[in-house]
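Under the heading region 'Disordered', TrEMBL lists 1-58, 460-509. The compositional bias 'Basic residues' feature in TrEMBL is assigned to 16-27. The domain 'P-type ATPase N-terminal' annotation in TrEMBL covers 57-108. Annotation source TrEMBL lists transmembrane segment at 85-102, 309-330, 356-378. TrEMBL lists D426, T428 with the feature Mg(2+) binding site. What TrEMBL records for D426, K427, T428, E699, F741, K765, R808, T888, G889, D890 is ATP binding site. Here TrEMBL flags D426 as active site, 4-aspartylphosphate intermediate.
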Amino acid sequence: MEREPAAAAEEPGPPGRRRRREGRMRTVRSNLQPPPGAEEPAGKGAPRRRLRGGAQHLADNRLKTTKYTLLSFLPKNLFEQFHRLANVYFVFIALLNFVPAVNAFQPGLALAPVLFILAVTAFKDLWEDYSRHRSDHEINHLGCLVFSREEEQYVNRFWKEIRVGDFVRLRCNETIPADILLLSSSDPDGLCHIETANLDGETNLKQRQVVRGFSELVSEFNPLTFTSIIECEKPNNDLTRFRGCIIHGNGKKAGLYKENLLLRGCTLRNTEAVVGIVIYAGHETKALLNNSGPRYKRSRLERQMNCDVLWCVLLLICMSLFSAIGHGLWVQRYQEKKSLFDVPESDGTSLSPVPAAVYSFLTMIIVLQVLIPISLYVSIEIVKVCQVYFINQDIELYDEETDSQLQCRALNITEDLGQIQYIFSDKTGTLTENKMVFRRCTVSGIEYSHDANAQRLARYQEADSEEEEVVPRGGSLPPRGAAGGHPSTRAAHQSQSSRAHRRVGSRAEARRVSMLTELTAFSSPMEKDVTPDPKLLEKVRECGRCLASARHQEHPLDHLSPELSDIFDFFIALTICNTVVVTSPDQPRQKVRVRFELKSPVKTIEDFLRRFTPSRLTLGSSSVGSASVAAKSTPKASLLSTLANDGTLLRLEERLGAGTPCLASNGYSSAADGWAAERSATGPEPSAELRYEAESPDEAALVHAARAYSCALVGRLHDQVSVELPHLGRLTFELLHTLGFDSIRKRMSVVIRHPLTDEINVYTKGADSVVMDLLLPCSTDDARGRHQMKIRSKTQNYLNLYAVEGLRTLCIAKRVLSKEEYACWLQSHLEAESAVDNREELLFQSAIRLETNLHLLGATGIEDRLQDGVPETIAKLRQAGLQIWVLTGDKQETAVNIAHACKLLDHDEEVITLNAESQ
């Protein structure tokens, strides 16, 4: 149940501020609890109706996208049709024919054409609205589980019966019926994943988490015990923002953010079940607020005809007025002679000049009405109906992969297809396949071209061409081979990479794997089966052998050369610096759960002191979802001051004892069977097929590339990541923090505790334009500084080369944090996570403080190929005179290369570059 927030007025503060707060916020309470001030009902018969009595004015969850009702159809549709000036004119002429003194035709005959036009248009509008009504009815009668107070369990109800304040239980692969605040998840970490394909068309998964304070519940969530009050913002259409707080019975508050909200229309994935309370229902949900609803669309031709009709009417009035004036003058001067259009009085006498002129004016309007041919409009309506039919039945507009045909949903604007002058498009996913394929990389200043991988990608096009020669396809599919590579003076492998944007994916290959990948994004063989570079593969194996031989030594990474150390960290970053979820092959949307020695989360500075000791490996959880920053026994300042004192850390370690199995300082289990136990406890063997669910195709491409070098991601929880490495077996990294990607920072980072060194490491990946500016300054006075500057210079040159070849570039960097640096940063970061106001800004500043003084590891080049027929389509559109604009977030060199590849630019055209220093 929701109340308009009268409770907000009880907060202290100026009256004006309280009123503004009331206007912005709403209060949501459980429908299972009595309204404030009401007594608890005694029986079980009528309490639900009584409890909801205060919420009758709220929007229910019923979906209604139709424009008309039985009563409003006729007047509303006629009103819309009368926006066409010709209809107003024809009705006026038809009604004028009913006046006996001025009619020129039979009234019924004059009314027939205009009735035909109105009836055909009304039938089309009625059919469109009936289709919407059927869709609404189907959605409103979908079922879901809603908690019933009378039966004290979840019962099946229709979507339309859901109200704000109801508790809804959702199971895996079910669609979310309303905007729901996540209160419980079957995932022990309090997480769930949703697919937003119904909102934005993306099949990748997005992570959501249980409201802080509920994820720590040990027992199953019971809606009857929920007494908290939710204060959140009024319904709005901002899909990327949600603000509010939840007030518990003890008066404590916890912030609510978009990560806690499940939006209507999304699909639950990778989670067995979740429970939440409805915050917004029906047309108050964010998805429906972004839907402006049906409207009467007018084509450009219709708008132009309105203008032409207006000029014709003005011409008709002038001609009729001229005739009326002449007739009046005739009657006045020559009363004894009858005029051509003489209208006598009832007694047979002639009219006076003024009435005669008026009658003549109306008569001439009827006689000259052919200036606006009604037959033209009849023909246009018939042509529109036929055009819609032929568009729906056109075999050249049929897609054989999806077995779908073109659907014309707006029957009034079909002629606009031939009137388009401008096309505005984005690049990724529209012009390209959105299948990111790892193409090449550079590590520690050495470039690995992956020529064999480029040849593998070329074979996809060759196989498709051979299939077309054997089984030619008809229809609208454009001819292959029309997009040849443009001339280049680069080496052969570089020219091949620059032409890669012109290649198209194999439809035969797509059909073969469609059954395996229809539920898993970014998992086609073209994306997964990366061919490693032999030189880099040998170096990766050498890293594994060196670390395996130094397994039982105190600092195994010290036995690697600087180049091998960078290679090792580079592939660790590719594997864990992401939000990829590992799924099992038999159930593509079910998460593989792998856990080893989990402890409580890092919630306070004391937890950090209690756990971060130099001789123990504790596999704890991320700080995401932490509840408090306040110290329980020691003030923060004194805690921070003791971090530098190693004696304090040792005394803490001795006092706490060994609560968990101890590991040697090299990160491996000290027991003989510990290594084998870890391997058996963490899930399936690495040879078993695992699938990766990624939030972006770039992440999936990098994880697949790392797996090609035997650095496989085999398990991910919110507090740890398991990686399978060559010669080392499985390592489990404690995941302390994940600083997600945003469009301002243009990078993401993970903070982990390394199992081999016991150090806190920060791995960062992002755009080279920002990462290169965050590197640790190098001094030219020492040899190491000069070597680092040389590596950066080489890496920048390779990045420029990748951009010219049209590849998407990412930089990989690392930073090692000392205990003092991490503790100082952790305090401010936990405060930012727990903040109710300005949380995003505080988290942004926290990430900025951490992502500095980085050590460059390398860079990657990822290829996103153009979709089938894009160059030919753009070329033909340009030949037809259309102006095409493409928006992309790539580097300038990459954008120019792709523009040439898709034939947006010709090679003989001059490219004008405009750069701005500010917005």
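The backbone N, Cα and C atoms fix where each Cβ goes, glycine too.
Overlay of TrEMBL annotations on the structure.
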residue	record	Cβ neighbours (10 Å)
D426	Mg(2+) binding site	13
T428	Mg(2+) binding site	18
F741	ATP binding site	19
R808	ATP binding site	24
G889	ATP binding site	13
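Candidates F741, R808, G889 (binding-site residues) were compared with D426 (Mg(2+) binding site); those inside 10 Å Cα-Cα are G889. Per DSSP, the secondary structure of the domain 'P-type ATPase N-terminal' (57-108) breaks down as 23 helix, 0 strand, 29 coil. Same-chain residues lying 6+ beyond the ends of the transmembrane segment (309-330) with a Cβ under 8 Å from its Cβ atoms: 85-86, 89, 337, 339, 341, 353-354, 356-358, 360-362, 364-365, 368-369, 371-372.
Residue pair R808 (ATP binding site) / T428 (Mg(2+) binding site) shows a Cα separation of 11 Å. Residues D426, K427, T428, E699, F741, K765, R808, T888, G889, D890 are the ones the record ties to ATP, and the longest Cα gap between any two of them is 24 Å. Each residue contributes its Cα atom, and for F741 (ATP binding site) and T428 (Mg(2+) binding site) these two points are 17 Å apart. In the predicted structure, the domain 'P-type ATPase N-terminal' (57-108) carries a mean pLDDT of 82.
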